[in-house]
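Q: Could you have a look at this structure, given as structure tokens, before my questions?
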Amino acid sequence: MLSVRPPHTTFSHPLIWPRRGRLGLAAAPLCVSAVATASAPETAALPGSVSFPILVNGCTGNMGLSVAEAAALRGLHLVPVSFSSREKVDRTIQVGQTDIQIYGPSAREDVLSSVIDEFPDVIVVDYTAPDSVNSNADLYCKLGLPFVMGTTGGNKQLLHKSVQDSKNYALISPQMGKQVVAFVAAMKIMAEQFPGAFSGYHLEVLESHQAGKRDTSGTAKDVIACFEKLGVSYDMNRMVKIRDPEQQLEMVGVPEEHIDGHAFHLYHLTSPDDSVSFEFQHNVCGRSIYAEGTIDAAIFLHRKVQSKDSKRIYDMDDVLREGYMQ
């Protein structure tokens, strides 16, 4: 959402989410939400679509489970293994008609080696934890496993270096929501074509996510980088990160049913004399937008591997450009 406030309107208290519609009228938050539940029937692949083995690492988490459910609904073959950060694990998770066995971290290499023997064209999707990003990627590269990295955090430079050195295939993106990716891409274009357009403007950034998200929003970092190219000076330590459910309900306006799964972002710009202000806002309720985008990414990467494409590292911009979306 882009809104322009009337002149001489100042930014509200930094913890109060200024939700406004056209002409400054109060408006409910816009939520992008669709539902794909574990109880939904497993369907066959769509006509003309592909079907291949997919291993979702992180099925014990909400995001990984959502991706596994989306994979089943899209007709992909779920590999019946996943991994946990805990060593002593004795459980299975049912997704559609597949019982997924959960293994501890010490079993990763042996189990993945067996998976490669049985499913040589498997694609791995990673939704684990920020401190596992680089070690997991190193293992995927060592074994030659193409992977989609949806987990945020870790050392991005080392991540790309691991893929480059191993000549493995990987799609790396901190944001899998296709429409949000398109918004960020548009911001990048604006920053490239109109550098300095917002010179002197003051920027306030607020982001709200479920309490379990420990790291700073990668999307917010990307958008802030665009504003910096547009001439805005910003200290990342000033970003307001809201993780408290009470504040999310009362100040941000997150619907109660989505407290455990949402991503609200607000970027507010004010001119040096406070006579002009801009707001850029994108609010997501639920996880389906990310799960669906992740499956599109996996299908895209599978096709690149099968075609032996010379390029090895991709992101969601590549997926959008080639139209691999359903």
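Positions of Cβ are set from backbone N, Cα and C atoms, glycine also.
Got these off TrEMBL a minute ago, pasting:
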type: DOMAIN; residues: 53-168; note: domain 'Dihydrodipicolinate reductase N-terminal'
type: DOMAIN; residues: 180-320; note: domain 'Dihydrodipicolinate reductase C-terminal'
Q: Pull the DSSP breakdown for the domain 'Dihydrodipicolinate reductase N-terminal' (53-168) and write it out as helix, strand, coil residue counts.
A: 51 helix, 27 strand, 38 coil
Q: Would you mind splitting the domain 'Dihydrodipicolinate reductase C-terminal' (180-320) into helix, strand and coil residue counts from DSSP?
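A: Looking at the domain 'Dihydrodipicolinate reductase C-terminal' (180-320) with DSSP, the answer is 64 helix, 31 strand, 46 coil.
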